[in-house]
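*Asks:* Structure below; questions to follow.
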Amino acid sequence: MGNARVNPSVFLLLAIALLLLLLPSSAEGLVRVALKKLPLDGRRARGSSSRLGGGTPLKFRGFGIRGSVKDGSDPEIVGLNNYVNAQYYGEISIGTPPQKFAAIFDTGSSNLWVPSAKCFTSVACFFHSKYHSRRSSTYIENGKSAAIQYGSGAVAGFLSQDHVSVGDILVKDQIFIETTNEPGETFVAAHFDGILGLGFQEIAVENVVPLWYNMINQGLIQEPVFSFWLNRQSEDGDGGEIVFGGSDPKHYNGEHTYVPVTRKGYWQFDMGDVHINGKKIGFCSRACSAIADSGTSLIAGPTTAIAEINHQIGASGAVSLECKEVVAQYGQQIYDMLLAEIQPTRICSQIGVCTFDGNHAVGVGIESVVKAIEGTSSHGSNDVMCSACEMAVVWMQNKLKQNQTQEQVLNHINQLCGRLPSPVGDSSVDCGAISSMPIISFNIGGKTFNLTAEQYIVKLSEGSTAECISGFSALDVPPPRGPLWILGDVFMGVYHTEFDYGKLRVGFAKAA
């Protein structure tokens, strides 16, 4: 995504698989990027990353490309690798002669960046391929400073211009970022060198024209459409493709369900409620906003909703003492006020836990909960209590609609408090209980998209030492952009996803 992201450790955990296929005659003119999958490795899987905050997205995975330059009339394949169903990366090349890099294809950001040969102080640069401008005859100096902020850190450097090859597509005079600073451990362990953003220019750092736009502007693809097919069933590393110029009918079954892009930046659209075994969780009573993000391994959503899902699937996170304290001190009062039909958004301010600003309670959102748990909240414990109170109100409201008793309601809320995710977002589950876990469904475009436990649980290892985590991670994006759901690889691996820039829409169909 753009400048910020969800939590790191959670999102390197999931990704996709990819397979080299010959394009059928019906798919002529498409440029294909084959995806490859690496063996699972739970030890390093927890080094993932994501971003979302201040207007940027979630992320982490890796894609890359390989290929030579042709006229674009014949379909060609660009290979992508998958790491722990979490990092998808392939090969691209920059410069003349071409310098190759492993890159993530990320619909949640809009810039292309790779490490610079001038990166001397960051350990990560010593473990990855670096761009040498002096070795390229098509390099054009720019030099303007640029930086991208992620949830796990930042990359910084300067802008440069050169030719970029993606498979058989040669994009001329593309502006990209040469990074000279990649702090932290996230990029050291990454199996990719850089990131190739496929989002909108609205979230591009320094308003750089995204490479995807230049493919269109330079007439390099037939249709302003690209699509992802992620084959998560592959055991040998092959498992999917990204197709530029349209969609390959062999990658999906039936027809796509399309929803319009509601806000350019991320590929953002409106989504209906989420269901657990057919029952609404009640979080999206009206519409929720969602984004399709190939750079995020898991599915991320508001803490209130994610805690409910993780409770239902038996996932264990870090217990929030603040949440339990709110239930102990104010549970009865909240319950009585809801029965008295007091406006739910005003309850927490009326009992003195939050401050009401006229529209909603100050401190709303999981961001404050997570930060306070980590000891980094800028507003102190009051924000945590306020957020915990608001979550309790939503949970109680849903239970009251089911005509449960006061005792049942309060017991349920206490259980949900214990399901709040840890600050890094991971929630462990019993690998042996997968067959008994519920179906989680998303309503998109008036249609239901189901995920079985086998599809939303991430296995980090196999056998007697098997380790499994929930594919659902908490992320609170504050208004006006949030609350926001991020449908990452866990979702896109089940549903072929088409990104239609010409008609400003996103389409989902059952992956073949």
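Cβ coordinates are placed from backbone N, Cα and C, and glycine is handled just like the others.
What TrEMBL says about a protein is an automatic prediction, not a curated fact.
Dumping what TrEMBL says about this protein:
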ACT_SITE  ASP106  active site
ACT_SITE  ASP293  active site
DISULFID  CYS119-CYS125  disulfide bond
DISULFID  CYS284-CYS288  disulfide bond
DOMAIN    88-509  domain 'Peptidase A1'
DOMAIN    318-358  domain 'Saposin B-type'
DOMAIN    382-423  domain 'Saposin B-type'
SIGNAL    1-27  signal peptide
*Asks:* Minimum Cβ neighbour count within 10 Å among the active-site residues ASP106, ASP293: which residue?
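*Replies:* Counting other Cβ atoms within 10 Å of each of the active-site residues ASP106, ASP293, the minimum falls on ASP106.
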*Asks:* Please give the average pLDDT for the domain 'Saposin B-type' (318-358) in this predicted model.
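*Replies:* Here the mean pLDDT over the domain 'Saposin B-type' (318-358) amounts to 81.
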*Asks:* Does anything in the same chain, at least 6 positions from CYS284 (disulfide bond), have a Cβ under 8 Å from its Cβ, and if so what?
*Replies:* MET271, GLY272, ASP273, VAL274
*Asks:* When the Cα of ASP106 (active site) is compared with the Cα of each of the recorded positions CYS119, CYS125, CYS288, ASP293, which one is closest?
*Replies:* ASP293
*Asks:* Round to a whole number and give the Cα-to-Cα distance in Å for the pair ASP293 (active site) and CYS125 (disulfide bond).
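*Replies:* Taking the Cα atoms only, ASP293 (active site) lies 26 Å from CYS125 (disulfide bond).
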*Asks:* Over all shown protein chains, what is the count of other CB atoms within 10 A of the CB belonging to CYS125 (disulfide bond)?
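*Replies:* Excluding its own Cβ, CYS125 (disulfide bond) sees 22 Cβ atoms within 10 Å.
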*Asks:* Measure from the Cβ of CYS119 (disulfide bond) and count the other Cβ atoms within 10 Å, all protein chains considered.
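*Replies:* Here the count is 23.
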*Asks:* Of the residues in the domain 'Saposin B-type' (318-358), how many are helix, strand and coil by DSSP?
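*Replies:* Helix, strand and coil residues of the domain 'Saposin B-type' (318-358) number 26 helix, 1 strand, 14 coil.
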*Asks:* May I ask for the distance between CYS125 (disulfide bond) and CYS288 (disulfide bond), taken between their Cα atoms and rounded to an integer number of Å?
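*Replies:* Spelling it out, the Cα of CYS125 (disulfide bond) and the Cα of CYS288 (disulfide bond) are 39 Å apart.
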*Asks:* Helix, strand, coil: count each for the residues of the domain 'Saposin B-type' (382-423), based on DSSP.
*Replies:* 32 helix, 0 strand, 10 coil
*Asks:* Provide, as an integer number of angstrom, the distance between the C-alpha atoms of CYS119 (disulfide bond) and CYS288 (disulfide bond).
*Replies:* 42
*Asks:* Count the other Cβ atoms sitting within 10 Å of the Cβ of CYS288 (disulfide bond), across every protein chain shown.
*Replies:* 22
